[in-house]
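*Asks:* Checked Swiss-Prot, it gives:
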BINDING   25-31, 53-55, LYS62, THR307, ARG313, 339-341, 425-427  GTP binding site
ACT_SITE  ASP26  active site, proton acceptor
BINDING   ASP26, GLU27, GLY28, LYS29, ASN51, ALA52, GLY53, HIS54, THR141, ARG155, ASN232, THR247, ARG311  IMP binding site
BINDING   ASP26, GLY53  Mg(2+) binding site
ACT_SITE  HIS54  active site, proton donor
BINDING   THR307, THR308, THR309, LYS310, ARG311, PRO312, ARG313  substrate binding site
Amino acid sequence: MNIFEHDIQNLSQGNVVAILGSQWGDEGKGKIIDILSKHSDITCRFNGGANAGHTISVNDKKYALHLLPCGILYENNICVLGNGMVVHLKSLINEINSIGGNIIERLYLSDKSHILFDIHQTIDSIQENRKLKEGKQIGTTKRGIGPCYSTKVSRVGIRLGSLKNFEHFKNLYLKLIDNLMELYDIKDYNKEEELESFYKYHLLLKDRIIDVISFMNNRLNEKKNILIEGANAAMLDIDFGTYPYVTSSCTTVGGIFSGLGINHKKLNLTIGVVKSYLTRVGCGPFMTELNNEIGAYLREKGHEYGTTTKRPRRCGWLDIPMLLYVKCINSIDIINLTKLDVLSGLKEILLCVGYRSKGTGELLQKGCYPVDEDAPENYEPVYEQFQGWEEDISNCQTFEELPENAQKYVLAIEKYVDSPIVWIGVGPNRNNTITKK
């Protein structure tokens, strides 16, 4: 059976499937990634670093993953970290050790990905503190992601492939660290201790660092099932997101091809993951935000606290213009709607279906989205109102078992976005997922 028939238990050979966040992250991508990882041969990441996070439950044990793809939890799965990533090796080794077993034998790292050093994290904190004093805080995770991509783009960063020859790596390392210490006036930094750690990483990982481009394209020729796991989400994309309140990598579909080196024609299916309401961590415009008791209700019921930072997430109503904008960019084929159960108990639910200019009164054109920093000053959301439901829906197994008002809400989203909603999350566990025919 073909995956286009949406039977996740029966993937046909040679499928390349991408799972991408369609909002500001934290959509609940981990669950569907975990479900599909069991049926794939290779699971890949193509962007970001340890600023992403999934919490996956397998056999009643929870795993917090920030760098490793979810497929690492399944013995039949090969996992790949692509060249578009920035890798903090200490964090990676800690994740590997937390899972245990011989999982490193199933892990490959691109020789073209960049190494994220502790000094990048130090610089991240310095930059964020400066912006805070200026009232221009971005709200980064302070994991060093932006500074590492900065050294990459400035052509002074160090690729993971350099670690295979340790003496060569050592020379590059000392030059980079000395330059960054001088540039940011960092007085206290233990280079010797970090170099000792990197020698251990060299011994442990030298055979796992490969030419991922060749590896991936050979696997494609072998008709392997490949699952591509997006980190962060479309509205945090460095180009398409709400700049400057974005991450530093390409989080949209184009990042797959530049971050893994695979042919764009090989991608069979793009799954857009959409939370039933909207959340955001950190600063930046959020035009459907609920700074009231409803927002607090969603935060507590949905456990909306960051996997990586533990920061409380801002909550608001679902934004259809945002989804249409993201659909244009990512060419979403089907939707996984998550956390519908969190809306249970609300008397009414609002759905943002458009934006009206505060100046002219005109509606924003379909497919456009106001991503600029001053968007809330220029546009106001247009809402459609839906009646809520009181029932606990976590035990619903079919779409028809959902309360009528819940069905109406889901169908309205499907109508406005014009993409089929195939999976609906109605609870935190893997089996709390409805497949909508």
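Cβ from N, Cα, C; glycine included.
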*Asks:* List only the single closest residue to ARG313 (GTP binding site), chosen from the recorded positions ASP26, ASN51, GLY53, THR141 by CA-CA distance.
*Replies:* ASP26
*Asks:* If you measure from the Cα of THR309 (substrate binding site), which of the recorded positions GLY25, ASP26, GLY28, GLY53 is the nearest?
*Replies:* GLY53
*Asks:* How many Å separate the Cα atoms of THR141 (IMP binding site) and LYS310 (substrate binding site)?
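*Replies:* A Cα-Cα distance of 10 Å.
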*Asks:* Among ASP26, GLU27, GLY28, LYS29, ASN51, ALA52, GLY53, HIS54, THR141, ARG155, ASN232, THR247, ARG311, recorded IMP binders, what is the largest CA to CA distance in Å?
*Replies:* 35
*Asks:* Of LYS31, HIS54, ARG313, which of the recorded positions has the most Cβ neighbours inside 10 Å?
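*Replies:* Selected residue: LYS31.
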*Asks:* Find, among the binding-site residues listed as GLY25, GLY28, GLY427, the one whose Cβ has the highest number of other Cβ atoms within 10 Å in the structure shown.
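*Replies:* Counting Cβ neighbours within 10 Å, the top one is GLY25.
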*Asks:* Of ASN51, GLY53, ASN232, ARG311, PRO312, which binding-site residues are close to LYS31 (GTP binding site), meaning a Cα within 10 Å of its Cα?
*Replies:* none
*Asks:* Which recorded positions from the set GLY25, ASP26, PRO312, ASP341 come within 10 angstroms of ASN232 (IMP binding site), judged by C-alpha positions?
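*Replies:* Hits: GLY25, ASP26.
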*Asks:* Please identify, from the binding-site residues GLY53, PRO312, the residue with the sparsest Cβ neighbourhood, meaning fewest other Cβ atoms within 10 angstroms.
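*Replies:* Across GLY53, PRO312, these binding-site residues, the one with fewest Cβ atoms within 10 Å is PRO312.
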*Asks:* Determine the minimum-neighbour residue: among ASN51, THR55, THR141, ASN232, listed as binding-site residues, which Cβ has the fewest other Cβ atoms within 10 angstroms?
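*Replies:* Counting other Cβ atoms within 10 Å of each of the binding-site residues ASN51, THR55, THR141, ASN232, the minimum falls on THR55.
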*Asks:* Do you know which of the binding-site residues LYS310, ARG311 has the most other C-beta atoms within 10 angstroms of its C-beta?
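*Replies:* For the binding-site residues LYS310, ARG311, the Cβ with the most other Cβ atoms within 10 Å is ARG311.
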*Asks:* I'd like the number of other C-beta atoms within 10 A of the C-beta of ASP26 (active site, proton acceptor), please.
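*Replies:* I get 27 for this one.
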*Asks:* Excluding near sequence neighbours, so keeping only residues 6 or more apart in the same chain, what lies with its CB under 8 A of ASP341 (GTP binding site)?
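*Replies:* Within the chain, ASP341 (GTP binding site) has Cβ neighbours under 8 Å at ASP392, ILE393, SER394, GLY425, VAL426, GLY427, ASN432.
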